[in-house]
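The structure appears right after this line, and notes come after that.
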Amino acid sequence: MSDLFDDSEDVAIVPAPAEEKPQKKKPGRPRKAKTEGDEKKKVTIRRRTRVTVKKNAETAAPEEKENAESAEAAEPVIQEAVPSAEVPSEAASPEPEMDNTPQEEPSSEAENPEERSEEGEAGQENHQQYDNRRFDDRYHGGRRDKRMKNNNKRRVPEDYQPEINLDEHPDAPRLYISVLTALHIDQLRDRAREQGIPEDVILDSRKPELIARMLRLHSANGGALLVEGVLEILQEGSFGYIRYGVNNYLAGSEDVYVSASLIKSIGMKTGDTVFAQIRAPRENEKSAAVVRVLTVNGEEPKMAKIRAPFDTLTPLFPNERLHLEIVEDDKPSDLSTRVVDLYCPIGKGQRSLIVAPPRTGKTVLMQKIANAITANHPEVTLIVLLVDERPEEVTDMRRNVKAEVIASTFDEQAQHHVQVAEMVIEKAKRLVEYKKDVVILLDSITRLARAYNQTVPASGKILSGGVDSNALHKPKRFFGAARNIEQGGSLTIISTALIETGSRMDEVIFEEFKGTGNNEIVLDRKMADNRKFPAINIKKSGTRRDDLLLPADVLSRVFLLRSAFGNLDDVDMSVALIDKMKKTNNNKEFLDSMNTPSTLR
């Protein structure tokens with residue numbers, strides 16, 4: 001140590017800091033040459049650092065001090081001689097921290113372009129290696145993770161069972177989820193016991209859970225799972241679910257999922273009646289899924305793409321009559337349907353409005369019309385839609401009418417009324433696109449308009465009675481969908497409109513729909529109060545273009561009847577004609593017994 005440094009100078013000797021890697025020179029412009037002032041600042045910072053390290057070593061433990069001295073002996077650093085005038089004192093203010101990396105003076109060798117290019121290429125190679133390693137960590141690792149996730153998805157679940165091909169195994173046992181959904185919980189438990197499900201599992205499971213267990217068990221035993229219902233697409237171009245009429249086409253836990261790709265490939269729409277093969281729900285799945293569509297609206301799936309949209313079909317006046325009179329040998333026909341069939345006939349594609357005050361027998365009249373259509377026209381698809389009705393009337397309608405009854409009672413939300421009505425009209429439109437005849441009995445258009453008035457966004461324009469100006473648009477679209485199609489098929493809507501309820505809103509709604517129909521059946525409150533049923537006001541009831549529905553001889557006789565009793569008031573004329581009709585069993589006998597108007601007086 002004494003050989004290397006002069007003892008006369010008070011210079012502290014400390015071990016040099018760890019050797020740092022020399023910074024690679026990058027290609028480009030040469031660095032700016034260091035001035036003499038920069039060199040003096042560098043020497044001053046190095047000297048102050050050594051003095052600080054020496055003081056720390058003196059206050060440290062003896063062992064640490066010996067280690068520090070050994071380090072000094074191992075790696076001595078030669079301090080450059082600096083004039084005393086240029087060395088600042090320790091009490092001086094600290095200089096700003098500078099880069100203490102030793103910088104070499106620019107030389108002619110460093111300025112050699114070939115040397116710089118070689119050093120630059122080496123730096124670029126190291127930088128490129130680092131970039132490649134970072135790219136591999138970021139992207140190749142991500143791809144590996146993604147492949148692992150995909151493999152996990154493709155992994156077959158433990159409860160997976162392949163679906164039975166019905167073409168290869170037509171005799172395979174079949175189980176319909178739509179039938180299970182319609183069963184009462186007690187009947188469903190009996191079916192589960194027949195399949196061998198343990199009793200404790202049956203009693204602890206709710207209806208959706210029990211149905212899912214039955215589906216899995218049936219599929220594991222080699223059976224086929226089938227479903228039939230109406231498709232509802234949640235969004236345009238999105239997936240959908242198969243709804244059931246037993247649930248009034250509202251969302252339920254037993255609904256079956258239909259993928260968007262399957263909907264697009266077949267060309268299905270909301271309202272299509274789908275008959276399909278499904279698979280049981282797997283782990284962490286809430287519902288079963290469709291794997292193969294067998295029929296759409298009773299036809300092959302390929303027909304769905306070539307059908308014409310409902311809005312492009314040509315509407316015509318009704319020209320085919322719906323016979324409502326049920327003729328039986330030696331038995332009198334029902335008087336209500338006879339009056340409607342003779343004085344205000346209804347045809348396929350009719351838009352009929354039953355104008356009914358309260359307690360005039362509109363519900364009973366609709367039941368008789370429904371049963372007459374079912375008996376005389378089995379080719380017609382009949383749907384009874386009850387909106388905002390009493391629950392007991394819904395039960396009565398389902399028990400007395402042989403048709404599909406879809407209802408939304410008054411204790412449900414207005415949104416449910418709207419959803420049920422839209423599903424029914426969409427189903428009817430899809431059937432008409434397949435050239436089928438559909439009849440909808442709606443009770444009532446007034447309550448449906450009330451529901452739309454509550455759900456439609458407020459426009460700020462309020463009509464008399466509190467009706468929003470935009471609220472009646474969709475009910476009119478519903479009622480206006482009734483038409484006779486030139487290309488084949490028809491949609492008939494027979495709806496009731498409430499009057500004399502004491503509500504100004506009901507009067508406004510009736511006035512809006514009054515001129516939209518082409519058939520009106522007016523019920524009279526006075527006749528109902530006098531217990532004169534059917535309480536049909538014959539004078540005010542009628543059909544537009546009834547000449548297209550009635551034969552010429554029948555039409556002429558009806559004209560004579562109206563002329564003969566035309567001088568009477570509404571109630572007297574209706575009572576007189578109905579009394580004459582009671583004397584015969586059917587309309588044919590009544591018309592044959594009629595010779596001249598004078599004989600009928």
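Each residue, glycine too, has its Cβ placed from N, Cα and C.
Nobody curates TrEMBL annotations by hand; they come from automatic prediction.
The ATP binding site feature in TrEMBL is assigned to GLY347, LYS348, GLY349, GLN350, ARG351, SER352, ARG359, THR360, GLY361, LYS362, THR363, VAL364, ARG390. The compositional bias 'Basic and acidic residues' annotation in TrEMBL covers 33-42, 128-142. Residues or ranges marked as domain 'Rho RNA-BD' in TrEMBL: 224-300. The region 'Disordered' annotation in TrEMBL covers 1-167.
Recorded features from TrEMBL, shown on the structure.
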residue: GLY347; record: ATP binding site; Cβ within 10 Å: 23
residue: GLY349; record: ATP binding site; Cβ within 10 Å: 26
residue: ARG351; record: ATP binding site; Cβ within 10 Å: 23
residue: ARG359; record: ATP binding site; Cβ within 10 Å: 12
residue: GLY361; record: ATP binding site; Cβ within 10 Å: 18
residue: THR363; record: ATP binding site; Cβ within 10 Å: 20
residue: ARG390; record: ATP binding site; Cβ within 10 Å: 14
Original post:
For the domain 'Rho RNA-BD' (224-300), what does DSSP give as the number of helix, strand and coil residues?
Top reply: 10 helix, 33 strand, 34 coil
Subject >> Model confidence over the domain 'Rho RNA-BD' (224-300) (mean pLDDT, whole number) >> reply: 91
